[in-house]
Amino acid sequence: MISDHIAITEFQEDNQLAKIKEINQNPSKQRSYVMGQKIKDRLFTYSMIWPALLTLIFVSIVPIIAIINTSLTNLNLIKMNNGAEEFIRFENYKTIFQDSNFWQSIEVTVKFTLIAVFTQLALGMLMAVFVHKQRKGIWGSAIKIILLLPNLCPPISMILIWQTMYSNNYGVINQILNALGIGSVNWLQDINVAFFAVLIVDIWQYAPFVYLLLYTSLTQFPKEMEEAANIDGASSWQMFKYITLPYLGKTLGIVALLRTIDTFRLFDKVNVLTGGGPYNSTRTITMYIYQTGIDRFELGMASASSILMTIVVLILAIPYLRSNFQNIRRSSR
């Protein structure tokens, strides 16, 4: 039995060798063989990818179609049991564009996004450069972990901690201010302060995220460039301005896009800390959608607002998606 099996194996190997020799001697067969192998590889790849991709498309597309359909109706949670839903086409969109509260929420969102993203990038870069210089020893390892802690905290738990710290009666921040003789601040109810109170929490949470991505990029920084700059007598500022900053340019662009898209969708901090108040001074576009749909029960209007917000986020995401597609094309060549 063993000898028969060995004989069969040798026969199969001889056939394979004969086929390979025949293919190598005939260029047309060689091309067809290579093409056949490529087709087999692609079919195998597609058979692995397409089921998951189709499921993802189905799960994503069906809710989007439902939201688009709802945005073209006057669906209201109070009236929906009475069968009062009507197809009103683009009336919800017209109403939204004429709503001053909508434009105020857009203004708050844009203002918040610009300040938050710029500050997070600046602080994240400073932390990344500092840690990169202190990367050796126990101190370097400890500082890396400490700086990441705000971004590792569960979001809701972290927001509730800040809410307690901002409290007028027993908040630690006001206790410190009173001890210094400055006096307490109504952090979450003062129209001039509430916006910045939410902003501080967002910066505190996400500046470490920016630091992590920039520091990861700096770990790949060529030592030869740094050594050459030191030999030429470049100062620390000159090294940062002419070497480090240009090197981080691409990473900074990607991080800025990611943080812009994420900050534009800000909801949890505003909802827990201020609820969009006082006097709508912290009401972002997501808070506007929430209040329209949940507080006023106008699902048609809320759906239309969601579609408009999605379009804005997609526009912001175009540079990031284009960069990803370009990287995929380069890697596939």
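The backbone N, Cα and C atoms fix where each Cβ goes, glycine too.
Annotation source TrEMBL lists domain 'ABC transmembrane type-1' at 106-320. Marked as transmembrane segment by TrEMBL: 43-68, 112-131, 143-162, 193-218, 239-261, 299-321.
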Report summary line: Highest Cβ pair tally under 8 Å against the transmembrane segment (143-162), stretches 43-68, 112-131, 193-218, 299-321, lands on 193-218
Query - Stretch with greatest number of CB pairs under 8 Å, the transmembrane segment (112-131) reference, 43-68, 193-218, 299-321 candidates - result: 193-218
